[in-house]
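This report refers to the structure that appears directly beneath it.
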Amino acid sequence: INAEKMVLKFGRKTRKFATYVVAAGLQYGAEGGMLHTFFKMAWLGEIPALPVFGDGTNVIPTIHVLDLAGVIQNVIDHTPKPHYLVAVDESVHTLEDIVKCISKNTGPGKIQKIPRENAYLTKDLTQDCLDHLLVNLRMEALFVKENFNIRWVAQTGFVENINSILKEYKQSRGLMPVKICILGPPAVGKSSIAEELAKYYKLHHIQLKDVISEAIAKLETIVAPKDIGEGKEEVEEEEEEENVEDAQELLDGIKESMEQNAGQLDDQYIIRFMKEKLKSMPCRNQGYILDGFPKTYDQAKDLFNQEDEEEEDEVRGRMFPFDKLIIPEFVCALDASDEFLKERVINLPERIVAGTHYSQDRFLRALSNYRDINIEDETVFNYFDEIEIHPIHIDVGKLEDAQNRLAIKQLIKEIGEPRNYGLTDEEKAEEERKAAEERLAREAAEEAEREHQEAVEMAEKIARWEEWNKRLEEVKREERELLEAQSIPLRNYLMTYVMPTLIQGLNECCNVRPEDPVDFLAEYLFKNNPEAQ
């Protein structure tokens with residue numbers, strides 16, 4: 001309030017300096033604004049109900065962020081006389097209305113009222129957000145409505161425009177669903193590849209048997225006897241009775257179908273359950289990986305076609321009534337030769353083969369059925385080609401990769417980056433912990449390798465030193481032997497020709513005792529040289 005007064009005061013003091021205060025309601029739109037926390041909780045789907053702080057009856061004035069921008073633009077263009085303006089849309093929504101709307105359209109569909117004080121424990125909510133969410137104020141922007149020319153984005157308010165607001169939110173934050181369908185013959189690696197892609201993209205891995213089991217379990221829960229509380233309204237009881245009757249009728253039809261088809265469920269029920277699964281909120285938010293279904297052209301057509309024949313989507317210049325809400329964005333066609341697939345199944349451990357369709361008879365029958373279905377012009381891949389969703393063909397047999405790492409890498413390259421919020425705080429902490437452990441293990445391995453290398457080098461150095469010393473001693477010994485061998489003739493010569501005359505000369509020198517013994521000895525040797533004689 002003090003800031004608003006100061007701004008208005010500056011405008012009154014200086015005529016050339018016009019100032020305005022625009023009192024805006026809670027802003028929504030684009031990335032979600034102050035309602036982003038509720039959008040995120042709903043989109044992630046990790047809680048059974050969105051929280052409503054307090055009783056939720058407080059009225060919150062709101063305005064779309066683009067409409068607020070339009071109001072400000074009009075203030076700049078027209079410089080109106082009032083310097084204090086109210087900018088809100090025409091809605092009168094409570095906190096409960098807003099949260100319930102978010103939960104219904106992109107979340108679990110339920111809300112839970114919690115104490116008002118718990119709002120302060122929500123770490124993603126700032127004090128400014130809480131002030132806007134907990135306010136109870138009715139406002140009407142009469143001047144803006146009567147005097148400004150605004151192209152309203154959400155004039156009627158948040159609830160009435162939730163579809164466009166949700167679209168903005170998902171596009172702004174890059175949260176568009178990733179929808180993938182993986183098809184191929186048995187044992188080609190569909191499930192293992194789908195499982196890895198589901199982990200990487202944080203998608204829902206959809207397998208036919210799980211969908212059927214989940215749907216039947218849900219129907220059985222509906223028809224199971226319940227204790228009805230005294231406070232139930234009559235209308236709610238009637239609706240519940242109708243749901244029970246419909247569920248029981250559907251269960252009876254399923255039972256009859258399985259009895260008539262040797263335990264196999266008729267396509268009409270499979271398509272119904274699969275379509276309900278693909279239209280569920282988690283699949284609409286994050287996306288899905290459809291594993292091995294549909295198998296035929298007719299199944300694909302029944303699953304992905306629009307239920308209302310009048311609603312048709314134009315696809316690149318042609319009309320085709322497929323349901324854009326559930327149609328896959330990427331279709332992966334895995335394949336391999338029959339010999340490769342048979343060899344892969346033969347090499348599977350017995351514990352994996354037991355109780356599955358990988359037993360020899362069942363596998364060969366399933367492989368033969370797949371080949372028979374996919375030799376005609378109307379295959380499941382032809383359906384996707386017709387709506388210009390061209391499959392990504394991968395020959396697993398040529399990759400020579402038992403773990404399918406190369407196929408997964410190729411698919412990730414085709415599909416692109418994940419479209420989600422990324423890692424949660426817990427996942428980041430886990431990733432950091434794993435990275436730290438890997439770093440420590442790597443450093444320890446490098447240190448051990450370095451020590452081992454140093455020890456090996458030292459051992460080699462000592463061995464080389466010992467070898468060198470050994471060879472040096474050998475060389476010295478050989479040199480001594482050579483010198484000794486070479487000195488024998490010289491010694492013989494000395495003993496024969498030199499030493500007798502030298503001894504006589506020394507004896508004579510001792511007898512005579514000349515003044516210069518050396519000259520005397522030299523003269524004696526010269527005179528008495530045997531060779532000279």
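Cβ coordinates come from backbone N, Cα and C, glycine included.
Looking at 6-16, 160-170, 347-357, 457-467, the stretch flagged in Swiss-Prot as region 'LID' turns out to be 347-357. According to Swiss-Prot, the residue from G25, G397, G416 that belongs to the ATP site alongside A187, V188, G189, K190, S191, S192 is G397. Of the listed segments 39-83, 489-533, Swiss-Prot assigns region 'DPY-30' to 489-533. Looking at S191 (ATP binding site) and M258 (AMP binding site), their Cα atoms lie 25 Å from each other. Within 10 Å of K190 (ATP binding site), judged by CA to CA distance, lie the following binding-site residues from the set L250, I254, M258, A262, G292, Q299: G292. With helix defined as DSSP H, G or I and strand as E or B, the region 'DPY-30' (489-533) counts 35 helix, 0 strand, 10 coil. Between the alpha carbons (Cα) of S192 (ATP binding site) and I254 (AMP binding site) lies a span of roughly 30 Å. A 10 Å cutoff on Cβ-Cβ distances gives I254 (AMP binding site) a total of 19 other Cβ atoms nearby, all chains included. Spacing of A262 (AMP binding site) relative to A187 (ATP binding site) is 24 Å (Cα to Cα, whole number). On the 0 to 100 pLDDT scale, the region 'DPY-30' (489-533) averages 83 in the predicted structure.
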